[in-house]
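Peer 1: Annotated domain 'Tetrahydrofolate dehydrogenase/cyclohydrolase catalytic' per TrEMBL: 13-128, in sequence order. Taken from TrEMBL, the feature domain 'Tetrahydrofolate dehydrogenase/cyclohydrolase NAD(P)-binding' covers 147-292. Taken from TrEMBL, the feature NADP(+) binding site covers 173, 174, 175, 198, 239.
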Ligand code: NAD
């Protein structure tokens, strides 16, 4: 058993507070970066279509980017945008020296292939880390840009456990966006990693073996209290908007929180857990991308 002092049964992992501290630190690092004669880091966010949830996400990203002292470029394109039009914009953003990070908000309208689009972003500007170069680097254990949500989850885990070595980590959900890179990151931390998905037999039995349980399925309330190993650390990535009895809506996660909190040692709430960390990690990745670009320029090999 770990002896980390913050380990007590049923503690909430306050993603909001951890993200606020990280954003503050990034703001200080940005100021120091500029003082050293470097340009203001710039992040371009592209939204295609009018999905209300995505609109909220990209506006939040712009606000937080400004807050960290970086420059934000927003590109709002109509739902009818063709793949070629989007690829043209990405080529312009790749070539723009004031832009260090490019993020295309997912999901995209059906006429656009998200894999083609993410692979079109220059690898050193791919701040979502979803392109084949950064995904391959992560799989090979090489330095690169790590996808924001799994990176945020890892930081939350590290706020509880200084060292993850030897722990059994169960990841439920195997998407390219969350589950797969999460599993790679946990492997890198010397965990024994199991990945469950829609075709896994006895997913509850698998979940119960996890000292660490990361859930990213989009199926709200899927993970019940009896899916959780007593004392486990639970990270709930899921976000679903559901109607309330009062005719409003609220956000819920993939974990049945009221049951799970009595079994878990530590658990993230929804909202206020992984969500804020995703944005903070986007800022982290943008500053990292700006640093890499400046280093490439100094060496004379930036494209
Ligand atoms: P996805 O639909 O691409 O992948 C879902 C995965 O879950 C798949 O691998 C599927 O096999 C698995 N799955 C689905 N139902 C299952 C079941 N009953 N049992 C076991 N496995 C099951 O989703 P995604 O993009 O990875 O997102 C997952 C959730 O995380 C969504 O709610 C999304 O909104 C949320 N999300 C949150 C953040 C954040 O910042 N908090 C970021 C990204 C995604």
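Keep in mind that glycine also has a Cβ here, set from the backbone N, Cα and C atoms.
I'd like to know what surrounds each of these features in this structure.
Peer 2: The Cβ of residue 198 (NADP(+) binding site) lies under 8 Å from the Cβ of 217, each on the same chain and at least six residues away in sequence.
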Peer 1: Does DSSP give residue 239 (NADP(+) binding site) helix, strand or coil?
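Peer 2: For residue 239 (NADP(+) binding site) - judged by DSSP and reduced to three states - the answer is coil.
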Peer 1: If you count Cβ atoms within 10 Å of each one, which of the binding-site residues 173, 174, 175, 239 comes out on top?
Peer 2: 173
Peer 1: Where the record says 173, 174, 175, 198, 239 bind NADP(+), what is the longest distance in Å from one Cα to another among those residues?
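Peer 2: Spelled out: the longest distance between any two Cα atoms in 173, 174, 175, 198, 239 is 18 Å.
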